[in-house]
Amino acid sequence: MAIMSIFFFLVASSITTTAHGQQRLSHKFYSRSCPGVQSLVRATVEEALRGDPTLGASILRLFFHDCFVNGCDASVLLDDTPFFTGEKNAPPNMNSLRGFQVIDAIKARVEPRCRGTVSCADILALAAREKFLKYTFF
C-alpha cells in the first residue's frame, strides 16, 4: 500500500507547478475544458467493477505498465496495424494485461461530450485514480 501511495504521489506531483511558478499541468484542467469528465470516468469504472471486481487491479496494472517504460503516454493502448505491432499485443503484454475494454468504454462516453479534449493517457490515469481512491483511505 505504501508503494502505491508513493507511486500516485509521484504522478500527482507531475501535475503541479514548476520551481519558477509557471504552470505546466493542472488537476483542474478538465473542470474547465470538459466539465463532468471525472464523474463520467468514476461511473464507468464503478460499473465495470460491479461486473468484475478484479478489473480494478487490472486497470491499475495497465496504468503502471503504460507509465513504466517511456512515461504515461497511453502507448499500451495501441492496437496492431498491418505494419505495426501495438503494445497491447506485444509479447510482454499479450495475455497479461486486461481492462482495455473499460478504457475503451470511457473514451466512447467522453468523446461525444468533449470531442478531442480528453487524452487516452488522461483517461487511463483517471480510471486508475478512481479505483485507487475508492478502496484507499487517506
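Using the three backbone atoms N, Cα and C, a Cβ is placed for every residue, glycine included.
Taken verbatim from TrEMBL:
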- His65: active site, proton acceptor (ACT_SITE)
- Asp66, Val69, Gly71, Asp73, Ser75, Glu87: Ca(2+) binding site (BINDING)
- Cys34-Cys114: disulfide bond (DISULFID)
- Cys67-Cys72: disulfide bond (DISULFID)
- 24-130: domain 'Plant heme peroxidase family profile' (DOMAIN)
- 1-21: signal peptide (SIGNAL)
- Arg61: site 'Transition state stabilizer' (SITE)
Rounded to the nearest angstrom, how far is the Cα of Arg61 (site 'Transition state stabilizer') from the Cα of Glu87 (Ca(2+) binding site)? 14
CB within-chain contacts under 8 A for Cys34 (disulfide bond), separation at least 6: Val110, Arg113, Cys114, Thr117, Val118
For the binding-site residues Asp66, Asp73, the one whose C-beta sees the most other C-beta atoms within 10 angstroms: Asp66
For the recorded Ca(2+) site, enumerate neighbouring residues of the same chain (Cβ within 8 Å of the Cβ centroid of Asp66, Val69, Gly71, Asp73, Ser75, Glu87, site residues themselves excluded), in sequence order. His65, Cys67, Phe68, Asn70, Cys72, Ala74, Val76
Name, in the order they occur in the sequence, the residues of the same chain whose CB lies under 8 A from the CB of Arg61 (site 'Transition state stabilizer') and which sit 6 or more residues away. Leu97, Arg98, Gly99
Report the member of Cys67, Val69, Cys72, Cys114 (the recorded positions) whose C-beta atom has the most other C-beta atoms within 10 angstroms. Cys67
Would you please pick out, from the recorded positions His65, Gly71, Ser75, the one with the fewest other Cβ atoms within 10 Å of its Cβ? Gly71
Please report how many Å separate the Cα atom of Cys72 (disulfide bond) from that of Asp66 (Ca(2+) binding site), as a whole number. 6
I'd like the Cβ neighbour count for Glu87 (Ca(2+) binding site), meaning other Cβ atoms within 10 Å of its Cβ, all protein chains included. 20
I'm trying to understand the geometry here, so how far is the Cα atom of Gly71 (Ca(2+) binding site) from the Cα atom of His65 (active site, proton acceptor), in Å to the nearest whole number? 9
For Cys67 (disulfide bond) and Asp73 (Ca(2+) binding site), determine the Cα separation and express it in whole Å. 7
